[in-house]
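Record features (TrEMBL):
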type	residues	note
DOMAIN	A:92-301	domain 'ABC transmembrane type-1'
REGION	A:1-20	region 'Disordered'
TRANSMEM	A:33-56	transmembrane segment
TRANSMEM	A:93-115	transmembrane segment
TRANSMEM	A:127-150	transmembrane segment
TRANSMEM	A:170-195	transmembrane segment
TRANSMEM	A:237-257	transmembrane segment
TRANSMEM	A:277-302	transmembrane segment
Amino acid sequence: MTVATQSPRTARLPLNKGGARRPRRVRRLLGRLLPLGPALLLLAVFFAGPLIWSVYTAFTDMALSGAATTEFTGLENFRRMFADPVFVKSLELTVIFVIGSAVIGQNLLGMLLALILRGRGGAVRTIVNGVVIGAWVVPEVVAGFAWYAFLYKTGTLNAILGHFGLSQDWLYTMPMLAVILANTWRGTAFSMLVYSAALSDVPPELLEAAAVDGASSWKRLRYVTLPLIRRSIVSNLMLITLQTLASFGLIYVMTGGGPGNASSTTPLYMYQEAFQFYQLGYGTAMALVLLVLGALFSLIYLRLIKLEDS
Amino acid sequence: MSELAGEQSSTALARMRTERRRGGRRGAASGITSPKKGPAALASYAVILVLFLAFLLPFAWLILSSIETGSGLNASPTWHFTLANFKAIMNVATVYQPMLNSLILSAGTAALTVVCSALAAYPLSRFHMRFGRSFLYTILFATGLPITAVMVPVYSLYARFNLVDSEPATVLFMTASSLPFAIWMTKNFMDGVPVSLEEAAWTDGANWLQSLWSVVLPLMAPGIVVVFIFTFVMQWGNFFVPFILLLTPDKQPASVTIYTFFSQYGEVAYGQLAAFSIIYTAPVIALYGVLSKFLGGAFNLTGAVKG
């Protein structure tokens, strides 16, 4: 009985090997991948497609006005870009903006808040968390209005600083500082949440042991806590850097890139060139530079974590 | 997930109590061993207070000037409260139409995103595929791509196919841009549903779609709600995408019209702008409250980011 049932199966096996088996496996794999279809289609058409398209457009003189034909111009856009003092300035401002508001502002303030609120009583923690997260949840444009009025000539900050004779028109005298402060205010909650989650994974025994050995609280932070949460630090830095790099609405609402070009970071300059002067090719080339800048920052962070590991 | 939320409020009290006890003990001990502790604790409370005020002040103006009479940009409060600012803007053109547009765009995007990411997450969560891992990492990388940088090529694509100023086309782009993170979250939620529960359905001859619909999705309903609300909130606040892709004021969402209002009347009618801001922000705050209930605090959301 058993021999009888087994023999046809073994006999059929070599037959199937060449012909029916492979297509069936391919068909099964395709069947399994089918649910990915809609998402992949949308991502390909609206995400990957434009990205690849942008690589092509960046090497053309595509514009929406006048000239009907688009010509391949090679590196012309990039040559023009780095000869354009406003663009070079915008790149500088972007780096200042990212380092000032993301790497220093959001990152350090988020870390400070996470550390200082750890082990704090429920009420204090809830209230402070509520306000900080509130700033994060509020839509970008509303955050822009709030800061515009806060820093206005006769705004809240000047009303307070007026008592010390420090009041001035912040949005004109130091627009970069203004947008850096506003972006720090808006984004700190994210870093705070990431670091609170990371800190809760640090085993308290390690800190206690270090304390017993006489390590100061700074040394406990530097040699116990920070090394343990370094992966969270790197992924947090990467995410907030990429977000800040692309930041548009907040700066646009607060200063519009002005006065002059004093706070025109690359996204704002790109908007101006591509959508107000319709220089799509030129604008796309800037977008590519922005992506490369993001990749550079990411590489630096990954490099840092490798150095720390070895 | 959701049980954490319920636990939070009940344990908060207990935690507070133990911490106060612990703090008390620490305080007593430090009196003898290290006299530095007192000023240090005081300093940390001072830092908390300063940070709290710094985060609160920009808000304070917004709320105050929305309910004051004749508020311009001046900080000095008049202490005359009125709802006139709200009354002035509560009409179809200023508030209702843009808010409705926001609702359509955000809800449409969120619904489409949930459907696509639930489908996409299924094979990623259930089958061990050779390219599964690298696909997921590509997805995670795409999450961080600056949308601003993709906008110019998307605009030229839309201009070429005559899709600028079309709401459905805008929803499609917004969906594509929210998909990477949504797929990542959905996959993590789906991993929490044990495969063994599905096996019964499989032996009954259910195909993947039936098993996804009648077994997996009902079990991860809270996760689906989280993905929906998260996408909705992100798109509700999205300014740049509709600002570029929608040109007719009748089609623009509140994020864009409120900016137009600001650039036209900002200096003269700041009270009205503040009132509009509050109406526009309120749904997001409410939904965030729901979201954190589902997630048991925002920690799990960023925990998902951590990977």
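Just so it is clear, glycine is given a Cβ too, placed from its N, Cα and C backbone atoms.
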Query = the transmembrane segment (A:237-257): which same-chain residues, six or more beyond its ends, come within Cβ distance under 8 Å?
reply = 94, 97-98, 101-103, 106-107, 140-141, 143-145, 147-148, 151, 171, 175, 178-179, 182-183, 186-187, 190-191, 263-265, 267-269, 271-272, 290, 293-294, 297-298, 301
Remark   = When counting C-beta pairs under 8 angstroms to the transmembrane segment (A:33-56), the leading stretch of A:93-115, A:127-150, A:170-195, A:277-302 is A:277-302
Query = Between the transmembrane segment (A:170-195) and the transmembrane segment (A:127-150), are there three or more C-beta pairs closer than 8 Å, counting only pairs 6 or more apart along the chain?
reply = yes
Message = Quick test of the contact rule: Cβ under 8 Å, at least six residues beyond the ends. What residues does that give for the transmembrane segment (A:277-302)?
response = 54-55, 57-65, 70, 73, 77-78, 80-81, 87, 91, 94-95, 98, 234, 237-238, 241-242, 245-246, 266-267, 269-271
